[in-house]
Amino acid sequence: MEFSLLLVALIIGHLLADFYWQPMSWVNDRNTRHFKASKLYFHVLVHGVTSALIITVWEYTFGWQQLSSVLIATASIMLSHYFIDIAKSYSNKGVVPFLLDQIAHILVIIALSIWLTDNNSFMAAINNMLTDPKILWVVCGYLIILSPSAVFIRMMLERLTSNFSSTGSLPLAGQSIGMLERVLMLSFILLDQFAGLGFLLAAKSVFRFGDLSASKDKKLTEYVMLGTLLSVSVTLFVGLGINYLIR
């Protein structure tokens, strides 16, 4: 219970600090100036403050041990985040560096959670992680299928966008529609309402049919289908995974 609560709280903190509290200007500054980027240090500080607050609340909840553990864990998260992000800034943009970056951050969080909770083995930590708490896992799932999933899908489709010119769409409309679509799909999956999921996909197909028929562009049709299938696949993976964890 202690390990699971700390782990999911730190993951939520990481998702918030990395995707919701980091403007694109900070990312661009880091990718162009690397270790000289001032915004990188602000970003690391945000992670440090977020992690320190989470660990402090957790310590008070389960019995305060010592201040040094909070300081060591916070410093570890900040230093690891700094070096991982520096390494990523020198890599090519793409899905693989993005996934490796996030996996590295999560592994650090898992290791610190095991250390702070004095778990004797990784398997024991995994067993604790899969027992509870339900609500936080659901929150974690929604956070994943919003901004992180949008970044992942955009990277997957980025190489195809050069084939299309502007069609007068609203700025960020596609991303906003995709986020809302994934929120609805995840809600239907968590409620075991797969009929609602089918209705949503059918409704989207009806709305898209007119645009695709009018354009008579095979590349556009394939692009839309690929984007939809990626969005559905990511949400199904997250939704079924969350369902498994909370039941």
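Here the Cβ of each residue, glycine as well, is placed from N, Cα and C on the backbone.
What TrEMBL says about this protein:
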type	residues	note
TRANSMEM	6-28	transmembrane segment
TRANSMEM	40-58	transmembrane segment
TRANSMEM	64-84	transmembrane segment
TRANSMEM	96-115	transmembrane segment
TRANSMEM	135-157	transmembrane segment
TRANSMEM	183-203	transmembrane segment
TRANSMEM	223-246	transmembrane segment
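Within the chain carrying the transmembrane segment (183-203), a Cβ under 8 angstroms from the stretch's Cβ atoms is held by residues 138, 141-142, 145-146, 228, 231-232, 235-236, 238-240, 242-243, all 6 or more beyond its ends. When each of the listed stretches 64-84, 96-115, 135-157, 223-246 is scored by C-beta pairs under 8 angstroms to the transmembrane segment (6-28), 135-157 comes out highest. Of the candidate ranges 64-84, 96-115, 223-246, 223-246 contributes the most Cβ pairs within a distance under 8 Å of the transmembrane segment (135-157). Residues 40, 43-45, 47-48, 51-52, 55-56, 101, 104-105, 108-109, 112, 115-116 of the same chain sit 6 or more residues outside the transmembrane segment (64-84) yet have a Cβ under 8 Å from a Cβ within it.
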